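> I'd like to ask some things about the structure below.
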């Protein structure tokens, strides 16, 4: 191949300037309109065009000046310098080259590419090569397009066929180089070389300067290929960790003839390029300049194939395939394939662009027509302005309402501000939304309440069974409203175990009172703005739940249910429980101030009902503002009645069955309650009933049976094995074991207190003469204190009743409360622990079917406890027939329904002596007999 000395052929000088101008402008220099002498920050930089040979003034010192400019750019503290290298004869053979690894697009021969190099070693190497007047590099494509490094650690990371390129301009930015390189020919990597040692640079520089001086006498074209090889040939050593230098060899094309096939391929390539230009104007400027060469391009299939591939946005491996191809007809065919793909892509882009443009035009045209129509209607008086229409709409809302004066003043002020705002401004939308909320509040509008006691009672009885305290309180509320002649607001709180109907009774109350119903849950709520609203300054601000409630119900006297008030959270955004203080205070909620509305709202007529499982987690100030009503759990009889009246009919409707197809007898429901659903509520019972009827529906639909009758014998086929198989732990309580009664958030339960001798009596040991008590069962601090008090009192009581019995004084006793995984705490097990210790000491079991509760003092006084109803229900559920309660809880027991206390023998104790007589009747009989004998 003949040596080439020009910059490019078809791109021309103008294309050079187009690529050169941004680099020079970035370096801070003045950019002229043509080639010539350049002054760049005090440095004289030589530029050249396609016909230049020496310096910019016609002298022959260009290479030396270029080298000087390049060395000056390495200094740390100066501005970036552009070095334009004087052209020289490109050698036909140049085996040792610095390697630059690039991504995405390879450099084709006779084409220009801007390359950036950031690797420090490679930057220094390229600076040295430029100073030595050896501006040649090998540009190779990386196999991984995601690898952004300038160098590679192994030759396996790059394709071995690349391009021999010449550096024409270099901008030194200190930590990186930006270069314009031109490809000349295809090359192939033979092996990796080590970088030339830097200490030899001085000698190389002197050698280069001697050759430069000789160049003033001899023309530069006279340099032989041998002298060029001598300047770069170094002995090769072991390859370093980064590939910076490689040995290459030229790639020769296969011989070819310009056949008809080649002519057809070249013609088709030219035609496809013209088609792409017609579709995509981005190619027009570059390609038209190439196509001006006309005949020369068509006559050069090698260059035409490279040009066709370079114009496409094909994948890197496809472009590399064209670069590696040595058979010219096949290369033309591959370039044509890539051009065809590019042509199809251009057609798709044009179609998509046309569709998008058409859509935008239609939208714009519609908008213009709508605006014109508005103006025409406004001129004719057929339609008002948007702002006038909004004002009329808002005032229409307020026309039938009794709006307070301070609220009306705010509305008028905001409407005046709205008239001055632009329709498309953000402030316009904020003001319009605020006015929309302000006019949506039902100022002065109330729903007609039902003050008929008989009707309200019928509605409450229709939906819920039991819950007499709740129903009585609602009827009292109606009676007071009837006497006053007006309604009022109230704050009630229903607390009790889950599943007893606290939430559902609120809906029935709303129906009985003929009030609108609104429910929101505060469980886990941590943001005060959920209750009191956001400030209007925030994006997306809106009022709190209470104002939303008024807008939705459209009345000022709805029934608002605040669910799970005991589970309200607290976070960095405030304490919602404190925000409820204003809301639930009858003295303050008449002027409730929402952060968004910022005007007082009267909530005094709202009936607030809160629900909770426990009251301990409700803050004391909040609990003080509410009227607490206990909703206790249900006994088996109540559960059976609820199941027969409500749960079974609802489940039948839900499953699409009627009574003739699926039958559940009272015996089945009783067994279901006793062995599967012992909790205080009926939610689990509802799930089990639905489970039975779902399986019955499956059997009917699948054809296994026409009707299904559930009996106690086949109940396990529907709900599985029983969960509770034993009514209680002991059928017959042994000595040292007593049943106690406990209260939990889930309702009442029974628990046993067990005592046992840990070590035998130590009468002879002087060191271990006193007895001890060990307590287990995950007991809390209060219960542990109660156990120590009970132990002390039991020792004193036993010494008083039986002076000869020193069992508790000398024995080591272990006291345990079963179900150790469940935490237990509270003082109400005191009398139970005393009874268990005395039973162990006396060796006598307590009376069978006996359960007790109460706190014992150190002197034997029985103190009152809470949860009497739940504990009584638990005792009856466990089959207890005799219950011992503190005397001061007599009034709580008297309030219980007859069906709860039916069949129970109740003893009220003021002192432990009363319990001892009930628990140990045999011991009392023996004591009386001994007293008579004496």
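We number each residue from 1, going along the chain as drawn.
Just so you know, glycine gets a Cβ as well, placed from its N, Cα and C.
Just so you know, TrEMBL annotations never went through curation; they're auto-generated.
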> Of 115-152, 153-190, 191-228, which range does TrEMBL call region 'Disordered'?
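So the range that TrEMBL calls region 'Disordered' is 191-228.
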> Would you please say which range out of 51-78, 79-106 has the annotation region 'Disordered' in TrEMBL?
51-78
> Where residue 498 (ATP binding site) and residue 828 (active site) are concerned, what is their Cα separation in Å, rounded?
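About 23 Å separates the two Cα atoms.
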> Which residue, of the binding-site residues 496, 498, 499, 501, has its CB surrounded by the fewest other CB atoms within 10 A?
498
> Any idea what DSSP makes of residue 497 (ATP binding site), helix, strand or coil?
coil
> Which has the fewest other CB atoms in a 10 Å radius around its CB: 497, 500, 502, 828, 871, the listed recorded positions?
497
> Using the recorded ATP site (496, 497, 498, 499, 500, 501, 502, 503) as reference, state which further residues of the same chain have their Cβ within 8 Å of the centre of those residues' Cβ atoms, listed in sequence order.
494, 611, 613, 631, 680, 681, 683
> Determine, from DSSP, whether residue 871 (active site) sits in helix, strand or coil.
helix
> Across the whole of the domain 'Lon N-terminal' (97-343), what does the mean pLDDT come to? Round it, please.
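That stretch averages a pLDDT of 74.
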> Reported as an integer number of Å, what is the Cα distance between residue 871 (active site) and residue 828 (active site)?
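Counting only the Cα atoms, the answer is 11 Å.
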